[in-house]
């Protein structure tokens, strides 16, 4: 078997000696959507074994490649002619050309496909011929342009069409044509539309023309496009579509200033534009709208630690050194005109400030008058008498801020840094700036408007030798105690100061400093992320100036439309805020090409709805003497309520109308910054009376207080409910009540440092003196009991008499004697009742005028005297202990617990005489609480 196959192979080799031969490369063309490929040269395979059957014949052509849409077939085995054709439709838009490998196979040695031989590999490159099957389409369904009258444009706008055919001949747009007739426009081969004559705004303001496109196979567009050309009158470059007055309602948040503004450059080609939007607020408060709380309250709000000493506080009895200074406004801005100074009393600022302390202030200062300017003292600590040494001082000299610090002489008698100089343009720009001078000797740092500045000059000096001369701290001038005939002020300050403080110890954090000088109003940008590409912007620290820059007018317009005004104060300062927009435009190849006029507008901040702060509660009450004398005292405002409302008009008009029929009162929430409790009718006598409040009640609510014989002041920024809670715990004590009939107090609260104040709530507290009588005092109750109480007591009296009938005769005698004694006691009791009634009626008349709420409270504490009579074992000590327990319970309870009968007391006010008899009953029932039985 093995020898036979070997002989067959040798025979085949002798018969099929040669491989087929084909060209090394072929180039073909196929028209899309056709299956015939035209090859050059034609596909023909030759074999030198011809005319030997099989060995000299061509049986197949094979294509090498993945997923090729072609096949090769043999047309004639003897001649070797073949054909290349497409297996599926060919699309030029999907693929323009194909490259693959082809080989030819002979028929071997017999019909069983044995010993085929293949040719070498030939490369076939086929190009797909395009058919103009697609029509041009425009990239936009419509186009719009604006032109100015009286001008001839090289190009108003360009329309553009595209063709989806694959070949350049059919895919390129060779021509555009205006379909609409009789219009003064022409279009070139690139789609640029121009006007053929000058257009007139008066003659025609808008043109609508139809345009078609042709590809290079002259196939027209499937659908024409509409071009709209608007004619505008001759323009002047500038901003359009903005309003001069913009009204801002407090509480509106961030409000766009120019929601429709746009820049008209009058068709000038602009390469870039820079816009500066400035909010001018330097005439509002301290340079802008800031919170007008006191400096101490602001320090608390910003989280500053305690220890701040306010050197320019609001004038008051305790801080009277600022009373003679000029005040600019209600925001406690002090104006110094070069003739005033203030002495800070001893003890306000520690004499030794050590090596660490901080000075803060708001200052507005202009250039110094005169050629050779003198020093202008802001703060100065100098010798009070004999000498003229300055220990530390802060002053302005030739638009330089200078801080002087002379250390006391110690062990080392050496030069020390003594003067620190800063030269800044802001010192003399007549604008408000916030300054923080931080001393960590020997380093002194200045923070102005939150930025850090190191001194440009530091000079050394010898330490001051110790002496026993007292020092005088002054503001606005320096005290010259020596070297003059009479001590006087010198080196006066010209300018305005506010919130001048000094704080011993380390400086506050940068966060606190930023909070203290933060503006509550400024410019804002709505949705920064939507500004768009290519827009650069920058705010100044106070957000009063915004600079934006861009190279696309459309993006710049959209960016400016997002610029907003925001004022986060609940009660902002009403009035005008000026707005200015200045523009700088650059054109291609030129520095400045066109001039854009400035936009001058203003924001009118409307008056905020003014709150009506109302204090209400029990304004007159009596308490037993034991409560006044106890360690816990009497709660003055157990049920005080602080409510703030505003009048909301039902119809448009004045929201502050006082007509209750046309306005509805709505409650509003805001803060308070102080409440004062004033003592009326003479100051407190510290030997026998005082007002008290636990410090824990204040500290846990971040409030502070001052106490004096004139009253009690609670201050700090807190909510209405916070102040209510603190006032509920204010107590009055008096441990010598012999001469006291009543004490009157006045409560008044404020918001924004007195800008809004509450009503004056007057309170009268009276002492309920005890009347001690004998055991039979309960009979008096029977005499003055109201009828409905007598009807309850009579049956019990009759039952007692019936029980007495079964007593032995000795007991009967005792009863008779007791009755005689009882008659005597009753006569004495009647006399006492009439005297008490006459005294109490006078009190009731005064209480009726003051609309007191206490009258009927006793009706809820009625004691059945017959039940008490059945408890002979009850002693005086026991009843006094009960009374003390009731007093303590009254003090520690809330307003409803301290006097459970408030509502019934209000009902008693409407019952006239019956209310008075109830009060009379109350007097007697209070007294009997201490009667021995």
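Backbone N, Cα and C atoms are what each Cβ position is placed from, and that goes for glycine too.
Of the listed segments 805-831, 832-858, 859-885, 886-912, TrEMBL assigns transmembrane segment to 805-831. Mean pLDDT for the domain 'Cadherin' (22-138) in this predicted model: 85.
When DSSP labels each residue, the domain 'Cadherin' (139-258) comes out as 4 helix, 53 strand, 63 coil, counted as helix, strand and coil in that order.
With DSSP classes pooled into helix, strand and coil, the tally for the domain 'Cadherin' (22-138) is 0 helix, 55 strand, 62 coil.
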